[in-house]
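Residues or ranges marked as ATP binding site in TrEMBL: Gly7, Leu8, Asp9, Gly10, Ser11, Gly12, Lys13, Thr14. Among the features that TrEMBL reports, domain 'Thymidylate kinase-like' is placed at 5-183.
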Amino acid sequence: MLLTLEGLDGSGKTTAWEALQATYPDATFTHEPTDTWYGEAVRRSLGDDDTDPLSDLFLFTADHADHLSRVVRPALADGDVVISDRYTDSRYAYQAASLADTEIRRPLEYVRGIHGAFTREPDATIYLDVDPETAAARAGATDKFERVSFLAEVQSNYERLIDAEPERFVRVDASRSPEEVIDAVEDTVERLIDAFHGDDADD
Ligand SMILES: Nc1ncnc2c1ncn2[C@@H]1O[C@H](COP(=O)(O)OP(=O)(O)OP(=O)(O)O)[C@@H](O)[C@H]1O
Ligand SMILES: Cc1cn([C@H]2C[C@H](O)[C@@H](COP(=O)(O)O)O2)c(=O)[nH]c1=O
């Protein structure tokens, strides 16, 4: 089963993902950007305010392709629960926002289309819902994506993704205290894993 955590910068994904590691010691915990040289290239781009958005998309997508073949697919093949801090929806939401002022028409559909041929969509996605102002303040507004106006575009892309696939997403109110958010995420993960195994048993 593939579970992903998504949301704006500073929404608390990593805080929740770290807490889950104690509860699910046998699960495979992973993240995007990864720690490989592909991920390092992505992080280098994040630190540069003057990159080409299409080049960024393909850098992030290369990191995802490597992540899929090296970590996600093997762990799923072993029957593991995989919990990823950011995954495909980050590209759909962020790169579609950064491509908005380019020659690419319908960026969100374009980015999804690139992934369609090769990716493995998540079984469920927890969306940590926080407003762009809170997100930017928590994240520290240190890179080009952590600006309120940009995060507002990203947020509206996430909302489009949720509208398109409401059955895949679980929204968690991430404006609450860290303890309350962690509790809500842990309850949600427990429910999703139980439901997934229930579905397996029905097959
Ligand atoms: N519910 C919360 N309330 C207040 N502060 C929080 C909350 N959750 C996390 N934080 C703080 O906000 C900052 C960002 O948290 P965290 O790294 O978990 O977010 P994130 O969604 O993973 O961000 P990014 O996508 O930028 O990596 C950290 O300093 C963290 O301690
Ligand atoms: C996977 C991925 C990430 N991003 C952006 C989102 C954040 O601003 C940074 C780094 O993420 P982190 O959670 O702070 O480590 O990268 C993106 O734009 N597209 C993606 O596919």
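Heads up, residue numbers simply count up from 1 along the chain you see.
Note: Cβ is positioned from N, Cα and C throughout, glycine not excepted.
Secondary structure at Gly7 (ATP binding site), taken from DSSP and collapsed to helix, strand or coil, is strand. In the three-state DSSP reading, Thr14 (ATP binding site) counts as helix. The residues near the ATP site, meaning same-chain residues not in Gly7, Leu8, Asp9, Gly10, Ser11, Gly12, Lys13, Thr14 whose C-beta sits within 8 angstroms of the mean position of the site's C-beta atoms, are Leu128, Val130, Ala135, Arg138, Ala139, Ala174, in sequence order.
Screening the binding-site residues Gly7, Asp9, Gly10, Gly12 for a C-beta under 6 A from any atom of ligand 2 leaves Asp9. The least crowded of the binding-site residues Gly7, Gly10, judged by other CB atoms within 10 A of its own CB, is Gly10. Each of the binding-site residues Leu8, Ser11, Gly12, Lys13, Thr14 was scored by other CB atoms within 10 A of its CB, and the lowest score goes to Thr14.
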